[in-house]
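Over in Swiss-Prot, the protein carries these features:
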- 18-25, 86-90, 140-143: GTP binding site (BINDING)
- 9-278: domain 'tr-type G' (DOMAIN)
């Protein structure tokens, strides 16, 4: 059965992870520019700019009132078809960001070379560890003054616990940035700043000891490069494909996305080394990407911000087979067959109505409240894909009604929103409070506005004394009953009626874990 195999093998599905302001938006734009998906890249200077960099065509297409193209972008590069899944930045950081990482086969980690490894990057890397996702690293902003490159590699290795294999090495930085040397190819690529959509032709100098190099970058920088490379080649790791695929080693590239330099280097690495669509574990068996029959899982639901449209879009990662317009699929959780005739597909040429999609691709299903995160769709087989987690929230608020008579609608709304992954809801066992948990502040605002428009419920938040939450289980029924009896004031049920320990402080949580070694406290839970 060969028909989809060449299509499947061509695909590379990845996401970009970074701390806010490391340059992810610019890189996303430049990746599309190099992939010829957009003709102009309007980069953004300064926070006040209203042209907050959304590549031109992303804004164009508001199909049925929902702008979804920003979430998935597909473009051809080096005989591959690359799917880039956007992970929202700081304005709309949420659990969606974490879950998107469960739908990709590799990640590009972008680091601001002036700052090094930052907090959000650490969190996102923890999530990629759940599936040992292969990571490519791009040290960005070489056109500014940066930290010592060796120091940056050490920090990645020590903080993120992943070995670094430098592929390119910088020559100078800031105003003195002259380019990068490619260790494996023994070539120097000289930097000429390209801005916006101008990609400069790169001049290549072959050989580290070529006198042309000294002329091009100056004697001092050429000598500094040779000295540094002697150190680097002695102290750092060589690239190994196996270790990369296992998530143990990351190839490192240096460049400046703003200056259109170095982006093509990591894209070459991505298309050459990153895995094609991978197999996926389900509850009954492993599903291979080369299988003929269609299967896929929902990893994200995008709510519609336009009150005129009550529609939402469920994002599905195709795991195997081929999606064709009008095909009948089994919605496994509810046991119903559905005909999918209007799925949104994200193709390079026509992003609205492409007729087919293969393993590795992402399609959007119109969802009128029946689809939940983690749902599996198949061509008839009853199976459920695993590994689409709920994450313990980090921010909590108590939610209160302005009109106490609408308690029922409030609960219904919150449970539905939690099924959709917009927020998590906890109901303490000992009182009638409703506690809402999120990983990003914006999630709280979204919930209040959607409760109002979709459920006609006006709600407000109050502070609540909760630091963190963990799902709890215990194999020993007797010990679990004792734990529940003695900790009732800290226990709650989540939206799916799973028992949760609500801790007022981290110290409290640590003490509870010490006191009850037989009880397992989970930071993530399967959808």
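Cβ from N, Cα, C; glycine included.
Shown here: features listed in Swiss-Prot, placed on the structure.
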residue: 18; record: GTP binding site; contacts (Cβ under 8 Å, 6+ apart): 24, 109, 110, 111, 112, 120, 121, 124
residue: 87; record: GTP binding site; contacts (Cβ under 8 Å, 6+ apart): 15, 16, 17, 24, 97, 100, 101, 124
residue: 142; record: GTP binding site; contacts (Cβ under 8 Å, 6+ apart): 113, 170, 173, 177, 180, 191, 254, 255, 256, 259, 261, 262
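Here the binding-site residues are 21, 24, and the one whose Cβ sees the fewest other Cβ atoms within 10 Å is 21. Secondary structure at residue 18 (GTP binding site), as computed by DSSP, is strand. Regional average pLDDT for the domain 'tr-type G' (9-278) in the model is 85. Residue 87 (GTP binding site) falls within neither a helix nor a strand when secondary structure is assigned with DSSP, and so counts as coil.
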